[in-house]
Amino acid sequence: MPLLGLLPRRAWASLLSQLLRPPCASCTGAVRCQSQGTRDLSPQHMVVREKILDLVISCFKRHGAKGMDTPAFELKETLTEKYGEDSGLMYDLKDQGGELLSLRYDLTVPFARYLAMNKVKKMKRYHVGKVWRRESPTIVQGRYREFCQCDFDIAGQFDPMIPDAECLKIMCEILSGLQLGDFLIKVNDRRIVDGMFAVCGVPESKFRAICSSIDKLDKMAWKDVRHEMVVKKGLAPEVADRIGDYVQCHGGVSLVEQMFQDPRLSQNKQALEGLGDLKLLFEYLTLFGIADKISFDLSLARGLDYYTGVIYEAVLLQTPTQAGEEPLNVGSVAAGGRYDGLVGMFDPKGHKVPCVGLSIGVERIFYIVEQRMKTKGEKVRTTETQVFVATPQKNFLQERLKLIAELWDSGIKAEMLYKNNPKLLTQLHYCESTGIPLVVIIGEQELKEGVIKIRSVASREEVAIKRENFVAEIQKRLSES
C-alpha cells in the first residue's frame, strides 16, 4: 500500500505544510528550489545514484550484513529525547485520533526500537532509506530536508573494538571505492568527551548542551563556538578556555598515549576507559591497514545524545577539481559510533543490546559526483537497453513483436518503437542517441531468406544470421562487449 494510504488526510496536510513551500519564481521543473530542501531526480540523476548505492550496498553485503526496513514514521515518543537539541528538527504528524507521530529523523533509533520490540540480541544489518529534518537546507553542500541515508550496524555483545574497527574499515572501503579523493576519518570517544568536560569544570547538567556546541567546530571557528558556550549556554569563560586547549589536539595513537599522561584527563575514570579502547582500536586499524586514514581528534563530539563510546566522522581533504573550478566544501561524508544504551530505552525491562554503526552521506557524495561529471561533460545512459528491434519496411509489426518477445524471454534487454510503420532512419537515430549497441533488422528480404540482420550501431557493420541462431549470436556479442 502506498505510504499516502497509511495516514489520514489531516496528517499529510500537516506534513506537507512543514515540508513544502509554494514554488518561487526562480524554480524550474527539473529540480526544486533551495528554499524547499527537496528535489526531483531525473533519469540521469537516478543512474548515478544507483551506481553509488550499488557500491555501498555491495560493501555492506561483503561484510555479512542483512537488509531491513522500518516505517517512514514512528510514534513521536519513540523519537523524542534521543537527539538532544536536534529533536526540534523533527517533522511532526497528527492523525485524526490524536496520536502523535513523526517522520523518522534517522535510521538508528528505529533500528534500536526494532531490536527491543522483537527481542533481537544479535544482528548485523544494513538499511537504505529516506529521513526528514527541518533544518535550513544548503543545496550547494548537498544538504536537504529530505534525504537518503545508508546505514550499517552491528548489534550484540562482542569483544571490545572488533566491530568498531570493522565499521571504520567499511567506511574506508566505500570512500576509496567511490574515488572521491583523499579523506580522513576523525575518531574520538564520548567517554573522553565527557571526561574532558568534567576535568575542565563543565557542570554535568550542561554536558549535552556543550557537546552540541563542540559538534559545530567543523562548521564554525573556535571563537564562535566559545561565544555560544559562554553567552548562550552560560558556561564560565575559564572553563571554555580549558576546553579550547583540548579540542585543538589531533593526531594518531601517539596522541592517545599522550592523553594517558595528561595531568587532568588521566584522573578521570571515564576518559581512561575511552583512551584504553581507542588504543586497542588503533591496534586493529593497523592490522586492517587503514591506521593512516584515521586521526584521533578531541574536537569531534557528535551531538546526538545516544552515543556512548567510540565516535567517528569522515571528511574529504580535498575534492578533485578541474582547472578554474572552485573546490567543493560538503562537510562530513560518513559518520557513526557506538550506542550501547539506546535499545534499552525501548525495552520494558531496560535490557541493553550494545550497538555500533555508521551512516554514509549519500546526498553529499552524489552532489560531488554530479558536479564532477558536469565539469567533465560526461554523458549518462539512462537505460540499459542492449538490442533494438527495427524494420526498414511497412507492415512488419507482427514480426518485430515476435523477435522482441524472444529477446525478452532470453533475458536480453530490448526495445522497439511503438509505431506500426516507423522509418528506419528514425529507429537508427534513436539507437545512436540512447547508446543502444546492437540493432536486429527484419524486412522482406530477411524474411524470405530466413535470416536476421544484426547491426553494430558504433561501426554500422551488418551481418546476416540464420533466424534460429540470432538470439545465440546476440548473447555471444553481448558477452564479449
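Keep in mind that glycine also has a Cβ here, set from the backbone N, Cα and C atoms.
TrEMBL entries are annotated by machine, without manual review.
TrEMBL lists Asp106, Leu107, Thr108, Arg133, Gln149, Asp153, Arg302, Tyr306, Tyr307 with the feature L-histidine binding site. Counting every protein chain shown, the Cβ of Tyr307 (L-histidine binding site) has 25 other Cβ atoms within 10 Å.
Feature annotation from TrEMBL assigns domain 'Aminoacyl-transfer RNA synthetases class-II family profile' to 36-392.
Across the domain 'Aminoacyl-transfer RNA synthetases class-II family profile' (36-392), mean pLDDT in this model comes to 90. Largest Cα-to-Cα span within the L-histidine-binding set Asp106, Leu107, Thr108, Arg133, Gln149, Asp153, Arg302, Tyr306, Tyr307: 21 Å. Around the Cβ of Asp106 (L-histidine binding site), the number of neighbouring Cβ atoms within 10 Å comes to 20.
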